[in-house]
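Take a look at the structure below.
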Amino acid sequence: MADSLQAKAEAALFDQTNLLSRTRLLVVFSTLAGAFLVAYADQNGIAVALSKMAADLDATDTIAWAGTSTLIANTVFQVLYGRLSDIFGRKKIYLSAVFLLAIGDILCATAQDAPALYFSRGLAGIAMGGINSLTMMIVSDIVTLQQRGYYQGLLGGCIGLGNLIGPFLSAAFSEYSTWRGFFYLLSPLAAICGLVSIFLLPSTMPKGNAIESVKLVDWYGLLTGSVAIIFFLVPFSGAGVYFPWGSAMVIAMLAISGVAAILFFLVEWKVAVLPLMPLSMFKNKVVAVILIQNLLFGFAYYSAIYYLPIYFQNVREYSAIISAALLVPFFLAQMIFSVGSGLYISKYSRYGEVIWCGFTLWTLGTGLLIIFDEHTHPAVICVVLAIIGVGVGNVFQPCLIALQAHCTKSQRAVVISNRNLLRGLGGAFGLGCSSLIMQTALKQYLPAEFHYLARSAYKLPDFSSYTAEQKSAVLGSYHKAVRTVFIVITPLMFICLLGCFLIKDQGLQRKDEKVVVDVQNLQPVQGQSLPESTGIEHEREEISIETNPEEKETLATAKVE
């Protein structure tokens, strides 16, 4: 009963497909890519500056929350964006996210204490989740499925470029000025992207009563899901370090999280008309496998992004600038192969071998992180990180294309938002767990007289009063602690690799994807919908073509008068 109501509600959603002429498509895509680039530079740029931020705000024992709060907020609101954009239109929700990022960054720049910074990073996280999801949704709306490989690959390149630029900017500001300058720069950039988007983004506003539209939002799902995520991640980020595992607070929060999670799934299953997470998605084996892979590699990806700089700065004693430079092979390879994989998928209409290659190399590279020690040559580090980057580039956007090929058009937005939700949830859980692993391992490996350093995992002590033996012991302990994090994420990537056996490549043709055809010549119209500037009026009609006794294809024909 609930499934049939959900199917009817999804079928009734306003179709926001708005295929553009090539010229306008390039303009709109460039606008989206600019904000996308700023969001990823913001999200992953702060990792190399955490030690400076911790010292400035006297927050060496809690600074991990600068990253965790961002990912928690990103995760909690990620799933909401899909349905909000279905109900209220992509453009309005997208613009609200871009301007919220500008506000969040200016608040980060002016934060005077750690709680204010974490709150501001949370606001920025909400915004990043919206920019991430809405950009992918809008791109999916304005290009055909066959073109998505190319354009989603370019977005993947923007992720790599943002990850490349962000650490350098953050490191430069923290080394030569102040870490606050990083946010002072990004805030106006985000605002400019928002202003440009007001004039350039196409608007496909769904028709309907605003009050009735608000009623369609899955508020119960949002409430129960948010409580489940927050009350689960907070204990994992601090239990065993800031408060005992057996404390009443930890037990109570985990219990509340468990109850909220059960209620969330009940709401999505039986109550919500347009659920934030349609459980029907998981009936498709390929969709279920790819979503689980996103959860697992989200854990591995964000743990690596945040803990490689700790290895560089705390184990190897490199500066923030050198740390950023050592990450270049990772992000450069990710950027190049994101674009390359997109071109391959668009040309050959295949994604299976791309995903296989990506997970194989990512698993190999993650396993090789375990060999890093206090003396590993920088060239070896660069090669290993390049291997991981190639893997990431062949996984991030190709997995999204595979998901879209296996879902209906009416579920496109919610599948994208849930994919990003699970990747963000994996990342937030990964950062919380990695912080816990790091600090617990430091307690285990540090000499007894240095146990207090476990609460300052992101900042090395002043070694001027230490003997050479004491310094070596401390650096060795940091190495073992970071290595433990790398050991934990390796089997997760291996599980992702095994999941590839269950992914069926069915190409990029989809039953409900409409193709624009010129009736007179019976050829696809390359410009998609005709530009308004031509003055040519056209109308669309649907015809059903019998392809075989069991399957029908729907084509949209364009009749030019």
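A Cβ is built for glycine as well, from the same backbone N, Cα and C atoms used for every other residue.
Because TrEMBL annotations are produced automatically, they should be read as predictions rather than curated entries.
Under the heading transmembrane segment, TrEMBL lists 25-42, 62-81, 93-112, 118-139, 151-170, 182-204, 286-308, 320-345, 354-372, 378-403, 424-442, 481-503 (among others). For 28-508, the entry in TrEMBL reads domain 'Major facilitator superfamily (MFS) profile'. Annotated region 'Disordered' per TrEMBL: 527-561, in sequence order. Per TrEMBL, compositional bias 'Basic and acidic residues' is recorded for 535-561.
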With an 8 Å cut-off on Cβ pairs and a sequence gap of 6 or more, do the transmembrane segment (481-503) and the transmembrane segment (286-308) reach 3 or more such pairs? yes
Same-chain residue ranges lying at least 6 outside the transmembrane segment (62-81) that approach it to Cβ under 8 Å: 43, 46-47, 50-51, 53-54, 93, 97, 114, 117-119, 121-126, 128-130, 132-134, 217, 222, 225-226, 229-230, 233, 237, 242, 276-277, 302, 306, 417-418, 420-421, 424-425, 427-428, 431-432, 435, 457-458
Would you kindly list the residues that approach the transmembrane segment (151-170) from elsewhere in its chain, counting only those six or more residues past its ends and only Cβ-Cβ distances under 8 Å? 29, 33, 36-49, 135-136, 139, 143, 179, 182, 185, 305, 309, 320-321, 323-325, 327-328, 330-336, 338-343, 345-346, 389, 392-393, 396-397, 400-401
Tally Cβ pairs under 8 Å between the transmembrane segment (354-372) and each listed stretch (118-139, 182-204, 286-308), then give the stretch with the top tally. 286-308
Determine which residues of the chain contact the transmembrane segment (25-42) at the Cβ level, with the cut-off under 8 Å and only residues 6 or more beyond its ends counted. 98, 101, 105, 124, 127-128, 131-132, 135, 138-139, 142-143, 151, 154-155, 158-159, 161-163, 165-166, 169, 186, 189-190, 193-194, 196-197, 200-202, 528
Which residues of the same chain, at least 6 past either end of the transmembrane segment (182-204), have a Cβ under 8 Å from a Cβ in it? 14, 16-18, 20, 24, 27-28, 31-32, 34-35, 38-39, 41-42, 45-46, 49, 89-91, 94-95, 98-99, 101-103, 105-106, 108-109, 127, 138, 141-142, 169-170, 173-174
